[in-house]
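S.K.: Shown below is the structure under consideration.
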Amino acid sequence: MGGGRRRKRRFSRIHAFTCGKTSFKGDHSLIGGPGFSRVVYCNEPECFEASLLSYGGNYVTSTKYTLVTFFPKSLFEQFRRVANSYFLICAVLSFTPLSPYSPVSNVLPLLVVIGATMGKEAVEDWKRKKQDIEVNNRKVEVHQGDGVFELTKWMDLRVGDIVKVEKDEFFPADLILLSSSYDEAICYVETMNLDGETNLKLKQAPEATSDLHEDSSFQNFKAVIRCEDPNANLYSFVGSLEFREEQYPLSPQQLLLRDSKLRNTDYIYGAVIFTGRDTKVIQNSTEPPSKRSKIEKRMDTIVYFLFAFLVVLSIIGSIFFGVATREDMENGKMTRWYLRPDETAIYYDPERATVAAILQFLTALMLYSYLIPISLYVSIEIVKVLQSIFINQDLHMYYEEADKPARARTSNLNEELGQVDTILSDKTGTLTCNSMEFIKCSVAGTSYGHGITEVERALAWRKGSPLAREVMEVEGQIEEFKEKKLSVKGFNFVDERIMNGNWINEPRADVIQKFLRLLAICHTAIPEVDEETGRISYEAESPDEASFVVAARELGFEFYERTQTNISLYEFDPVSGKKVERSYNLLNILDFSSSRKRMSVIVRNKEGKLLLLCKGADSVMFERLAKNGQEFAKQTKEHIAEYADAGLRTLVVAYREIDEEEYVEFNEKFTEAKNQVNADREEMIEEVAGNIEKDLILLGATAVEDKLQNGVPECIDKLAQAGIKIWVLTGDKMETAINIGFACSLLRQGMKQIVINSDTPENKALEKSGDKSAAAVAFKESILRQIAEGKRLLSSSSEKSEAVALIVDGKSLIYALEDDVRDVFLELAIGCASVICCRSSPKQKALVTRLVKTKTGSTTLAIGDGANDVGMLQEADIGVGISGVEGMQAVMSSDIAIAQFRFLERLLLVHGHWCYRRISSMICYFFYKNIAFGFTIFFYEVYASFSGQAVYNDWFLSLYNVFFTSLPVIALGVFDQDVSSRLCLKFPLLYQEGIQNVLFSWLRILAWSFNGVLSATIIFFFCIRAMQHQAFRKGGEVAGLEVLGTTMYTCVVWVVNCQMALSISYFTYIQHLFIWGGIVCWYIFLIAYGAMDPDISTTAYHVFIEACAPAGSYWLLTLLVLITSLLPYFVYSAIQMRFFPLYHQMIQWIRSDGQSDDPEYCRMVRQRSLRPTTVGLTARFEAK
């Protein structure tokens, strides 16, 4: 590859950069001081000096555990759950004589719970480990000495190694560019994984090493790099290169970052300066956090409360027991003779009543442990895994084109999906497809192009829109046209008036010719010819620039070659009707910048005329038009407004002729400005360029669609209707982000915008002054002032019920996120309908996410597709990775992976709502059934003067949660649906039950707990009163403890299972099987267990066959207790459903009445919204 060099292209002659002329100034004076102490010995990674520095290797890991830390860290994760810690104590105590039950029945459930959860954690982390192995074992060519390069694994790279990276490969570490296949040592880099941008960045090696083009050139290469220490700043770098006893400054222009990709360059040579955790992309990442849902945290709080309540009950019981024990022996008479206090060692000894009370307290702690459901955690784990399987297998979230289903990579956060209040989204690759399409244009005051954008399509299909029929007809014509012609990437233009050379028949064909010629010439793209097909493709610095060149080609002006001084086209000649070859002498390129908002080229045509061709934003172009160049200005402005409303990105196209004298004067000044090495260089270049970019003649405007992923506007609309706020955090320029905001309806025409921007003339002047501390103070004051102005605008808009958008740039974010500013910034941001943060670094994305999460206390969801989004995904409560075409870093750091942004709608509104409701109901029911069961034990303890005697058999106790009542709860957690998926999407309002936490509020938890106490009270007192003195057997004997315990247990099993049946909204055969099967299994177990040897079955020996089954009172009592226990819940549910229905109950009601398609009802439901819908297609449509 080293010999396959390209033709010489002297880009410095036409571009505004100056090859190899970076100077030592500003920050370079800090090299060698604190924070700038790194020294790299290039091509000598094993030399003595390098070995003393002990820099880290290039091995990276994203796993949560290692072999060493798995057991301690995982055990800590399990036992930070208070319930597990409590059961561990009980398990230890069960081996003592104090235990009211056998050790096996207590220890086994705990081992199952802990083992199952740790196993799940291990499997999930192993998946991350496999991805790490794949990345670390990638290979790159590394210099081994004597000019020989050999393939080496990424993880074996060392600081100082010289590497050779070839086209379309990722950089394995942070490198300093030394040379490339281009003679001037430039290369093109795609940084999408770092900042989300798809446009190519131009990098250039130092002039001193630019001639090292061959492998053999590095045989004796030696150099020393001194630079800044590892840090997270992607956009700055300070260093120096010592080569052949001379110093050369290094800047970001020479820095190639790990995980960016080499494009449009055959190969580069680079020196490794940062490896592994020192690389900037890893510095921007954070450790994988241990995430727990808010419901699980609240569940822990409930367990804390139950534990405290359990302790109180135990203390009360032990006090009563101590008093009763002390009074057991009076005058030689035994009050509780059956406890034999005269023969006991300690437990019932009246003379040691205090010690007996303490021991009874420990016994009670174990006995009342059934108030706290140990199987709750393992049941929830099982349910969440099954819920995740349903998410993974949902065909509505399967992306057929890429063969990518949804993947729930962790099941811990399923219910959080139903409580998301704020979504923080990346832009490029998440909302968009990473492609631009030329779709419309305005030339000579006439609009061309029939393409329909996503925004237009979504707006048109709103109910009642008059555009719907028109859109259907236009789409039909477009599809018919596309069938006849192969689709072209970047070109979605359909208009027979100017296609296929028909533009020559238009009234202003001369203007159209100049317009198309300008698109073919005014750019920095480089053509590449496919050797097999001969088809030309283009590598451009921005995707919209590539779309212009493609559009020009498809409309008859094909750019096919660029040399150092010429651009060559195949032009459609209106006279001959054929394509002819024409070359234009390329004199200068005036590059685009965010402050200029335009780019121009100066060329000489074959007639010798000098032409300035310019394209740029309408905000700067119209003011530069000549008085005689505004013939189509009015119509063009109208078309631009229409295009912007359709979500398109627009540029104005204009030109002028330059006379020789003016050009010579300009070129002298321009060359002089380019060669400057002081801080005013960029400003001087802009000033010179601005002086010639004037008196332009308007040709028209272009409109390209930053192609949104399918369904993005509709998805955002649904999420907005559900009351979810959406923030966009992107590394893109502000203009790009705003355009996307309009395209996906986060912004709309007429919406007030609060723009917090650091790019003010005052701030620029302070930066140039060199006084950094003064500049920082002024920056901060400026940001605070802009925030205060924004809050005033927000308050005035709130009074008028107007929606406001907040747009912030990355530099402003630095100060907005400082401790003393962030609260007021967040207050402003929360009040806005939509928030867009531009030029955000990965660290800033994570910090914004943390700010929203911690300060609002609401559930946040971050969604992104690149390595630059990893910190944000890990910081959010839920991280969703888009499994796009580039890299898997985001997916590997996410909790859930989906292939398209639009699947977020179903993930949240359907699966999120279902999972939230199921888990909430499941936990409430779990506490209900355990409180009902535990209080029957407590009531019996009161009845038995707190003697520590369990009313139930050991295995009755152990199997209650595991066998007889757990399966119906699991079925509830997996299958129950309050409403169908269709109605979840039809009524997004339903999602607000999760945002408001309606189904797991403290009131609802207390209500279920009260229901449990009430059921236990009815069960115990009915049973004890009915059986205490009544004859139970044929012989007239009263019921003993074993019969009482069996009868009470039967009643508990019936009541809690039938309560489940009443609570379920959506019955399946599985629910029927588990609910009624659980009851049947109880009777089967009772018969089988009772038939075992008395040493095994103990109090259950033949109790059912010989005692309970033959007694009619047993069956009658069970039925009476069942009806009485369920009656309060039934009455409450009927009243609440009729007079105080929740959202889902309203929908259930109208579904049964067949009113779910009634538009009046839909509007009424929307009026009950948590917050008004201010963004999205619905708001945009209603605002018209």
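Residue numbering: from 1, along the chain as shown.
Glycine too: its Cβ is placed from the backbone N, Cα and C atoms.
TrEMBL lists 40-106 with the feature domain 'P-type ATPase N-terminal'. For 301-324, 357-378, 926-943, 955-975, 1005-1027, 1073-1092, 1112-1132, the entry in TrEMBL reads transmembrane segment. According to TrEMBL, the Mg(2+) binding site annotation covers D426, T428, D865, D869. Taken from TrEMBL, the feature active site, 4-aspartylphosphate intermediate covers D426. Residues or ranges marked as ATP binding site by TrEMBL: D426, K427, T428, E545, F592, K615, R649, T730, G731, D732, R839, K845, N868, D869. Under the heading coiled coil, TrEMBL lists 656-687.
Walk me through the surroundings of each of these features.
M.R.: Beyond the transmembrane segment (301-324), the same-chain residues lying 6 or more positions past its ends with a Cβ under 8 Å from any Cβ of the stretch are 81-83, 86, 335-336, 353-354, 356-358, 360-361, 364-365, 368-369, 371-372, 923, 927, 938, 941-942, 945-948, 1005.
Sequence-distant contacts of the transmembrane segment (357-378), counting only residues of its own chain at least 6 positions beyond either end whose CB sits under 8 Å from a CB of the stretch, comprise 81, 83-84, 86-87, 89-90, 93-94, 98-101, 106, 109-110, 112-113, 116-117, 299, 303, 306-307, 309-311, 313-315, 317-319, 321-322, 325, 346-347, 923, 926-927, 929-931, 933-935, 937-938, 941, 946, 948, 950, 957, 960-962, 966.
Packing around D426 (Mg(2+) binding site) is summarised by its Cβ count: 29 other Cβ atoms lie within 10 angstroms of its Cβ, all protein chains included.
Sequence-distant contacts of the transmembrane segment (955-975) (same chain, at least 6 residues past either end, Cβ-Cβ under 8 Å): 101, 105-106, 108-109, 370, 373-376, 379-380, 382-383, 386-387, 390, 918-919, 921-922, 925-926, 929-930, 933, 1045, 1049, 1052-1053, 1056-1057, 1060, 1063-1064, 1066, 1068, 1070-1071, 1074-1075, 1077-1079, 1081-1082, 1085, 1089, 1100.
Sequence-distant contacts of the transmembrane segment (1005-1027) (same chain, at least 6 residues past either end, Cβ-Cβ under 8 Å): 302, 924-925, 927-936, 939-940, 943, 1038-1039, 1043-1044, 1047-1048, 1051-1052, 1055-1056, 1059, 1113, 1117, 1120-1121, 1124-1125, 1128-1129.
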S.K.: Of all the binding-site residues given, T428, N868, which residue's CB has the most CB neighbours within 10 A?
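M.R.: Answer by Cβ density within 10 Å: N868.
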S.K.: Rounded to an integer, what is the Cα-Cα distance in Å between D869 (Mg(2+) binding site) and F592 (ATP binding site)?
M.R.: 27
S.K.: Using C-alpha atoms, which one of the binding-site residues F592, G731, N868 comes nearest to T428 (Mg(2+) binding site)?
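M.R.: The smallest Cα gap between T428 (Mg(2+) binding site) and any of the binding-site residues is with G731.
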S.K.: Could you tell me what the rest of the chain brings near the transmembrane segment (1073-1092), counting residues at least six beyond its ends with Cβ under 8 Å?
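M.R.: Result: 955, 959, 963-965, 967-968, 970-971, 1046, 1049-1050, 1053-1054, 1057-1058, 1060-1061, 1100-1105.
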S.K.: With DSSP as the yardstick, break the domain 'P-type ATPase N-terminal' (40-106) down into helix, strand and coil residue counts.
M.R.: 32 helix, 3 strand, 32 coil
S.K.: Which residues of the same chain, at least 6 positions away in sequence, have a Cβ lying under 8 Å from the Cβ of F592 (ATP binding site)?
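M.R.: Spatial neighbours, sequence-distant, of F592 (ATP binding site): S542, R598, M599, G616.
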S.K.: Pop the Cα-Cα gap between D426 (Mg(2+) binding site) and R649 (ATP binding site) into the table, whole Å please.
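M.R.: Just about 19 Å between their Cα atoms.
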S.K.: Along the coiled coil (656-687), what average pLDDT does this model show?
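M.R.: Taking every residue in the coiled coil (656-687) and averaging pLDDT yields 82.
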S.K.: Run through the Cβ atoms and count how many others sit within 10 Å of the one on R839 (ATP binding site).
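M.R.: So the number of other Cβ atoms within 10 Å of R839 (ATP binding site) is 22.
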S.K.: Over all pairs within D426, K427, T428, E545, F592, K615, R649, T730, G731, D732, R839, K845, N868, D869, the annotated ATP binders, what is the largest Cα to Cα distance, rounded to whole Å?
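M.R.: Between the most distant Cα atoms of the ATP site, 32 Å.
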S.K.: Tell me the Cα distance separating D426 (Mg(2+) binding site) from N868 (ATP binding site), rounded to the nearest angstrom.
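M.R.: Given the Cα positions, N868 (ATP binding site) is 9 Å from D426 (Mg(2+) binding site).
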